[in-house]
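So the structure is just underneath, and the comments pick up after that.
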Amino acid sequence: MADFEDRVSDEEKVRIAAKFITHAPPGEFNEVFNDVRLLLNNDNLLREGAAHAFAQYNMDQFTPVKIEGYDDQVLITEHGDLGNSRFLDPRNQISFKFDHLRKEASDPQPEDVDGGLKSWRESCDSALRAYVKDHYSNGFCTVYAKTIDGQQTIIACIESHQFQPKNFWNGRWRSEWKFTITPPSAQVVGVLKIQVHYYEDGNVQLVSHKDVQDSVTVSNEVQTTKEFIKIIESAENEYQTAISENYQTMSDTTFKALRRQLPVTRTKIDWNKILSYKIGKEMQNA
């Protein structure tokens, strides 16, 4: 083991550690980080070499964070990344510093966030908040307004999670939606992602995503926003229904085909009895 460690460079160790961290299941970053920390056995190397992995994980997962003094949580995403560990909160028109290890926000500062698209962003943000409140028991959203390649663009991000470590499962829903403000119509592009990890007496992960394309009539802010939210609601309902139906189908067919529900004898095995028989026999022979 020591010989192997000597032959692996620090750069390679960090690369492997970063890979583990970026693939940590939702809600299990700390557990994976602590395991990697023990394996690497070099805190300075881990913090300095894998810092990009911490940031990438939080942005990929749409990690929500509460900023002291403000009511609503904001999502950590690539769209709000200002560099130097600072992120944008468009709703409150501030930027803040984010600690990717502690998952804490600090140093809020005023920030110009809308790029001349304030009414569009606020209209979409208000409607999306209402939608998320209706459809997600623990959901958060952040809406950005940006000019990308000369086109005025609205980007809407949604995150919802349930972390149940005592019941051995964690899960997260993420969706991202974009459209450009280009009358008379614009293409809507969305990506929906579900990731669930179940680890009681086993290790099963569901990782699924779906790409969506649609179009929206671009008129005024209010009417366009209504159409935009309808597209989101329809696509997300359809995706959730499809996932549920596929799960049921897999339970009824695929999983049953993988193993017998009963052994060839057609009777269930009482492992506790077998264990007690074995122990009793060994005691008799002693």
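Note that Cβ sites are derived from N, Cα and C of the backbone, with glycine treated the same way.
Keep in mind that what you see is a predicted model, and the values were worked out from it rather than measured.
Marked as N-acetylalanine by Swiss-Prot: Ala2. Positions annotated as phosphoserine by Swiss-Prot: Ser9. Per Swiss-Prot, the feature N6-acetyllysine maps to Lys19, Lys97.
Where Swiss-Prot records a feature, it is marked here on the structure.
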| residue | record | contacts (Cβ under 8 Å, 6+ apart) |
| --- | --- | --- |
| Ser9 | phosphoserine | none |
| Lys19 | N6-acetyllysine | Ala53 |
| Lys97 | N6-acetyllysine | Ser85, Arg86, Ala105, Ser106, Asp107 |
DSSP three-state assignment for Lys19 (N6-acetyllysine): helix
